[in-house]
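Visitor: Quick one: this structure, given as structure tokens, is what I'll be asking you about.
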Amino acid sequence: IFHLSEQSNTDDALTCVHLLSSLAATPGTEPEMTELSGLFVEKPQSTIAIKGKDITFVAKVDSSTLLRKPALKWLKGKWLDLGSKAGKHLQFKESYDRDSKIYTYEMKIVKVVDGDAGGYRCEVTAKDKCDSCTFDITVEGRQDKPTLSSSSRGEAGEDEGELDFSGLLKKRSESVLLLRQRMWPYSEEVDVWSILKKAKPCDYEKIAFQYGITDLRGMLKRLKKMKVEPKKCDAFLKKLEAAYSVDKGKKIQLTVEVANPDAQIKWLKNGTEIKPSAKYVFESVGNKRKLTINKCTLADDAAYECVIGEDKSFTEVFVKEPPVTITKLLDDLHVVVEDKVEFEVEVSEEGANVKWMKDGVELARDGKYRFKKDGKKHWLIINEASKEDIGMYYVFTNGGESKAELEVEDKELEVLQSIADLTVKAAEQAIFKCEVSDEKVTGKWYKDGVEVKASNRIKMVHIGRIHKLTIDDVKAEDAGDYTFVPDGYALSLSAKLNFLEIKIDYVPRQDPPKIHLDTTGSMVNKNTIIVVAGNKLRLDVEISGEPAPTVCWTKGDNVRKCCGPAWVITETEGRVRVDNRKTLSSFVIEGAERGDEGRYTITVTNPAGEDKAELFIKVVDVPDPPEGVKCMGVGEDTATIIWEPPKFDGGSPIKGYLMERKKVGSSRWTKLNFDIYESTSYEAKKMIEGVLYEMRVFAVNGIGVSQPSCSSKPFMPIGIIGDNLTFGRLERRSTWSFPSRSAVARGLTGRSLSNECPQFQLLPRQLEHSFTHKHTHTQSLLDIAQGKPRPVVNWFKDDEPLDPKKVSVRTTEVDTILFIRSAERDHSGTYTLSVQIENMEDKASFEIRVVEKPGPPLAVRVTDVWGFNAALEWKPPKDNGNSDISGYIIQKADKKTKEWFMVYEHNRRPNCTVSDLVMGNEYVFRIFSENICGLSDEAGLSKNTAVIAKTGLAYNRPPYKEKDLNTSPKFTQPLQDRSVIAGYSTAISCSVRGRPKPKIIWMKNKTIIGEDPKYLMQNNQGVLTLHIRKPSLFDGGNYSCKAVNELGEDVVECKLEVRALAVEKENKK
């Protein structure tokens, strides 16, 4: 068989093709020059070098079709990479031309020596593309050619290139054909490996050349393995064959026979153990062990081993790839210029590679040629055929070829429509039109033999396959013969233009003008149009009349004309304009405004008469905002608001109103209603007493919502005061009537009325209770008093006159102010205001209490500790800050970490229980007091600590009960039937379990085997083995093993068959 090794690749196959081609050539002839193909633009050429001189080789690669930079290697022989030898003797250089996108690679050999002679290879790769070329160096003065003997290879060394078979390979145009003629016959008739095994080592190179094996290193390794003399092995009765051959896609079975049926074997592939799978199937039948490889691929071409202990059996599997044949041949094609050409071929296998050639030159993928592959089908596509594409096209596979001829003819121009004679009148239009088969064909027009030139009146048009000559406003001099001549074709199309002159007295037609007004669309009734303010209005009015009438638009007394001194409006000028055409007049308003509303009149006139039409344009808009928003009354949390409707309703009736309110000083407005409110008065609810508010109102009509109204004046909701009033500790002690709280508003002052009793006018409800103020804060109180004549005002604290050094008082005609600049605890007390007019007097009292932070709790101690809990108690602080204690905050800390953690917040009682403490830790506690001013500055620490002691833990083990392990004998692995060859020692094995240790008895045909030296009995940890030394035919029979102890017994049996070896030898003979 012809076989490439696992290390061979596509380049090896190509090298093999070159090898056979060169072997077929006549000895002594010069090798043909390598033609430029693939990626190379310029290849290094074979040369003769002068010893001691420098020599340079250049290779150029075209990267215009590559996605990344190509990689180039310089090789000597087949394996030696010269890149690793770079130095003083070998120098490499690389350059790139951005304009031509060509990489230039140079290899320079400095001072050539005899060892530089030999074959060289230059290989370039770029992603999925590759190319290579070979060249030779002959050093002048050397008579010997590269030898093929093993002795010369040993002297020169691998790097000298003496065994460089690639250097002998030259590309020839008929290489593929020679390969098919010389290589494939050997693959069917000759087993090369059998020839090599029988040949002498000195003949290996000759045989390799003869049968096309280029990987000599792989060949020698494989022969070395095949020629290893197998040592005698007792584990195998029959080993694997030296080699197996299988076709790709088929299955193969490797079989060995082992001496011990119970022996464990391993299958290895290239030294790696094979695991059972759907591809690799293991079988064990008696002494035979089988490995089945399903659906073999090229990856299964490898060395296989069967291993039993230290014994091994080797073999090699060769996978033959069937040649790819052509199942559907190429067809000859006959096309015309610029037609698309598709050569189609079908091969026997999917994904196979094919090679396209034209007249012996390989075709490359470029802009002209495209290759397409779909399953078994392959196409060669030429987009636009030309005369240069005429020739014979070939397609090659490794198992067949096909050829077809391509003929390309010039395309004939076909006239699809010729030009016709025309007869036209003066001022009419003449059109000559023709149509040809090719839309790319251009041409020229001639009149009476003179080329026609394009002008304003004469136009020449070429659209696709149609050519037109148009003459507008025909005159008498345009008459003549017109010809169209296509460029590049001996063809012409002619027609004649006849001029017809007719004299007619012209009487102009007159029709009275008429307006055709469309009353549909935005017209609510006849001739009335509604437009929303800000929108665009365009009114198109159709008019008729002959001659064309003059259009005039008027609004009231104003005239808008398209012409005349009053107002000239162009088509793109002005917000309000008129656009006139022959039969249409358009009235346009850009962004309608209220001032555009009114009655418009359109008048059309011409010499035959006049017509008029009236239109009323109504502009609708959102209403103006409401006016006069004000507060008419307040309650405890309500206020009554009224307003007036807007002056202008926007041309649409008012549907209702929307209200909003906000606090004075805030910028956030809150909606009070989401549904439209129809009335002009509204009662706002859910307001906060004593807070100033503002209101605003929106008007809503059918167009939208108006702008907000002006905000109302600020107002404050206040509750009504009853007859009995308590202000702090002030009680009214007379029956005087007090004014309503609704009269108290911002900026309100007391009015003086004649002979009026003194009255107090109070501030909002915040001052109706005892007044509490924080320490050091500034405080002022205002009381408003009314009465006439002016009342006498006196202030008292705890029924004693005020100390002016501590408290300041200011009294006016309408109010009195008590001012404390820096509040202290001493300022706490009951303050009384006395107002007196002649013999009438009224008093009001209130209490001021100045508070501050409390002191720490007292006597904090741990009263009890149990489990993971601790009980705490303490006493209230001495100083409560002039305010009730609102609670306590309890914290705990471990004495190891001293970090405080919160236990309780706002604990109201002077005791608590702390839970979830950690066993083995010691805790301390601290407690803060809390009132309305905050926490105390200091905390009360516990005088003692809480220790959570560890409790003793003892594990009581359950009594140990010894388990009875005594069992009767039981065989866990039985004896297996065996078939052995007479004269070869064998053994049978089983395993047993039992306690106490059972007694073992071996029997043959139910007879106890005694101390017969032929048998050796072993017991290793319950594994029982009976060895039979060189059994004869009489040793066959039924063997049994019995295990007996005091609790019972068990027996296993097997059959041993002994076969005669002499009979088998006679059968083989």
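The backbone N, Cα and C atoms fix where each Cβ goes, glycine too.
Positions annotated as domain 'Ig-like' by TrEMBL: 31-138, 230-325, 411-483, 513-616, 758-847, 969-1059. Positions annotated as domain 'Fibronectin type-III' by TrEMBL: 625-721, 856-951.
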Visitor: Provide the three-state DSSP residue tally for the domain 'Fibronectin type-III' (625-721): helix first, then strand, then coil.
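Guide: Taking each residue of the domain 'Fibronectin type-III' (625-721) in turn, the totals are 0 helix, 42 strand, 55 coil.
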Visitor: Out of 411-483, 856-951, 969-1059, which stretch has the largest tally of CB pairs under 8 angstroms to the domain 'Ig-like' (230-325)?
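Guide: Top-ranked stretch among 411-483, 856-951, 969-1059: 969-1059.
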Visitor: By DSSP assignment, list the helix, strand and coil residue numbers for the domain 'Ig-like' (411-483), in that order.
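Guide: Helix/strand/coil tally for the domain 'Ig-like' (411-483): 3 helix, 37 strand, 33 coil.
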Visitor: Summarise the domain 'Ig-like' (230-325) by DSSP state, stating how many residues are helix, strand and coil.
Guide: 3 helix, 50 strand, 43 coil
Visitor: Can you count helix, strand and coil residues in the domain 'Ig-like' (31-138) using DSSP?
Guide: 7 helix, 57 strand, 44 coil
Visitor: Across the whole of the domain 'Fibronectin type-III' (625-721), what does the mean pLDDT come to? Round it, please.
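Guide: The predicted confidence over the domain 'Fibronectin type-III' (625-721), as a mean pLDDT, is 89.
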